[in-house]
There are 2 protein chains.
Amino acid sequence: MTRNEARARDAADPLRPYRDRFALPEGVIYLDGNSLGPLPRAAAPALSDLVERQWGDRLIRSWNEGWIDAPQRIGGKIAALIGAHADEVIVADSTSVNLFKLLVAALRHDPARHTIVSETGNFPTDLHIAEGAVDCVPGAQLNAVARDELDGAIDQDTAVTLLTHVHYKTGERYDMAQWTARAHESGALALWDLSHSVGAVAVDLNGAGADLAVGCGYKYLNGGPGAPAFLFVARALQDRLASPLSGWMGHAAPFAFADAYAPAPGMTRWLAGTPPMLAMAGLEAGVDLWLGVDRDHVAAKSAALFDLFAAIGARLGLECVSPADPAQRGSHISFRHPHAYALCQALIARGVIGDFRDPDILRFGLTPLYLGYEDVWRAGEILGEILATAAYADPAFSKRHAVT
Amino acid sequence: MTRNEARARDAADPLRPYRDRFALPEGVIYLDGNSLGPLPRAAAPALSDLVERQWGDRLIRSWNEGWIDAPQRIGGKIAALIGAHADEVIVADSTSVNLFKLLVAALRHDPARHTIVSETGNFPTDLHIAEGAVDCVPGAQLNAVARDELDGAIDQDTAVTLLTHVHYKTGERYDMAQWTARAHESGALALWDLSHSVGAVAVDLNGAGADLAVGCGYKYLNGGPGAPAFLFVARALQDRLASPLSGWMGHAAPFAFADAYAPAPGMTRWLAGTPPMLAMAGLEAGVDLWLGVDRDHVAAKSAALFDLFAAIGARLGLECVSPADPAQRGSHISFRHPHAYALCQALIARGVIGDFRDPDILRFGLTPLYLGYEDVWRAGEILGEILATAAYADPAFSKRHAVT
């Protein structure tokens, strides 16, 4: 594809108007929306209103003017993006904390089952939190195996499978319906981590028969740095599971101030403490932007951007670790390179922001709402120049930051 | 005290300049800063900078430009307000979630001890979370007793005492040094909930020998609605306790992406997921405002405001349930009244915002940074008028809101 061809594709892109709804910095090609989504323009006035009017002027009265039901309201909007009913999703805490709640609840669901089955190389917090969860349930254990050993690991002792729908490094995507059915065949619950799929690929939790899910607000949902996360519990399970983090906001009557805990009906029981309203407002602005988007357009453009970047990578001799088939991957593309860290830094110095994942992965988010074909074309040009001149060999680019 | 005398006290008040550092709405006397602190003027530009520059322009780079160490940095500032070392406090999650982490860790600390001892009528989330924590540790139990039975309840089986320093309804304050010593005498750890004391009364965790503490960011710290909370672990215990919420942000090397969890040294291990930076920025603005305040002035003015309101209450025949001795209470005053809910609503309709606590408590926060003597004097006038005319009997004031 030539630059002019890329421009023509952008001009014909039905998603092009969405780009103007983001405040993208000048001189930057942002290929890291899978790590931190950029600022929706609507987020700034939403935050100002939250701070100056709702907090500043209305003060405590705002709890009865839209704050107290924000977790359910925003959850209901996210539900529309993941094939769930509005009353099956709630916004709360972080992905890590929500994983803990659901894993402990799943381990307690059937006392005859003791094992969480997951994948080695899953996103670390999933495995770390699973370690913490099994320590909270007598007899429970975590069995993390390689992807090709997963089928054999799911058995009559499996309480719950913990799989990340789209892999954070490679972008590989599980067939959600198939693996949910596999869990159910052994009598286990299926818990999906949607952090790299919500807003990235089509998700149909109810269509797949999924039991439980968690997901991240700050990646493809563009909810702001460290935005609150969400969790999903299928209707049929809602009365049968309870949160180990039995905080007052999940109580059936929090303002009756009773000594004894009684879980609220529905999803409200998954709340623990008071929701962080500043962060909630950022998330809501990000989610609202998604509600009018045609997701077929997103899927088609994601595939096209991937193909373009894959062709550039092939031309530059880079080893692509992401699957070629769009149905088998998410919306990022990853390459393996021995100097991936320095290469990433050299790209950032040229205004192309992707990220590095230890030890040797260079990762680029392909986010159809605000990324154009010409952006990807131009990123490929700069990547080619850096490789051709070995500009990444500058020792300055090897200095490790706290966050890589 | 006459209105002119109240004005004279305000004019001579050394804390008077702090009032201008808050954006207080016109026509409102805000006596609910113990539930939601008002907006510090510095919070609005801090949030704008966070949103527009740090998120919008710097994007993912901001993680290496002040975000990743915000939990430790803000924790270090809070430490200065509670008699702790900077490396003993970290900001994370909510008070409820932090209580869970510390209670489970405390229950695991000495396998010969199984009991959390707490107080009936403690703030509900403390007891609710304690129920959840004991369910995560085999053999553990919660023993909540009345305050006058507490001494007898602490024994050789007590793993940890869970006490709220200042009671959310009555304002009663525990002698922290005395009750910490009592826990230690039986070999138990002492965990203090500082939600109604940080920024309200003098707190000296290390002076009292306290082991563990949690506290709230959105009350007297003025950190914004649902602001992140904090937790404290005394240095001597830091290597011996670990978090059951073993998320990646508490890992010793989160960006090495290892499968196995390894707790970070120091307080960092108490982090779980990615911190909500919008909410963190609000909290930091609130905490920064506190750093230059002379806390002796705060204590003296809190006592004087209390005396003024207590005299008004006595004149109006209200039953005060808060202790008269400043050393035995926090910075709010509570009255018992059979029509407390309607009275609270009638006051709000006149611009005097206090709050109601089920079943019959009318509660007023006395926050020396932004509340003046004339405010309290005027609130007393309005309260007197409402009582004299039984204006609270209007049925409109009995309609219950979701948040009371």
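Here the Cβ of each residue, glycine as well, is placed from N, Cα and C on the backbone.
Listed features, source TrEMBL:
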BINDING   A:Thr95, A:Ser96, A:Phe123, A:Pro124, A:Thr125, A:Asp126, A:Thr164, A:Asp193, A:His196, A:Tyr218, A:Trp248, A:Thr274  pyridoxal 5'-phosphate binding site
MOD_RES   A:Lys219  N6-(pyridoxal phosphate)lysine
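On the structure: features taken from TrEMBL.
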{"residue": "A:Thr95", "record": "pyridoxal 5'-phosphate binding site", "Cβ neighbours (10 Å)": "29"}
{"residue": "A:Phe123", "record": "pyridoxal 5'-phosphate binding site", "Cβ neighbours (10 Å)": "21"}
{"residue": "A:Thr125", "record": "pyridoxal 5'-phosphate binding site", "Cβ neighbours (10 Å)": "28"}
{"residue": "A:Thr164", "record": "pyridoxal 5'-phosphate binding site", "Cβ neighbours (10 Å)": "24"}
{"residue": "A:His196", "record": "pyridoxal 5'-phosphate binding site", "Cβ neighbours (10 Å)": "27"}
{"residue": "A:Lys219", "record": "N6-(pyridoxal phosphate)lysine", "Cβ neighbours (10 Å)": "29"}
{"residue": "A:Trp248", "record": "pyridoxal 5'-phosphate binding site", "Cβ neighbours (10 Å)": "25"}
DSSP-derived structure type at A:Thr164 (pyridoxal 5'-phosphate binding site), helix or strand or else coil: strand
Which recorded positions among A:Thr164, A:His196, A:Lys219, A:Trp248 have a Cβ sitting under 8 Å from any chain B Cβ? A:Trp248
Which binding-site residues (A:Thr164, A:His196, A:Trp248) fall within 10 Å of A:Lys219 (N6-(pyridoxal phosphate)lysine) by Cα distance? A:His196
Based on the record's binding annotation for pyridoxal 5'-phosphate (A:Thr95, A:Ser96, A:Phe123, A:Pro124, A:Thr125, A:Asp126, A:Thr164, A:Asp193, A:His196, A:Tyr218, A:Trp248, A:Thr274), what whole-number value in Å is the widest Cα to Cα distance? 31
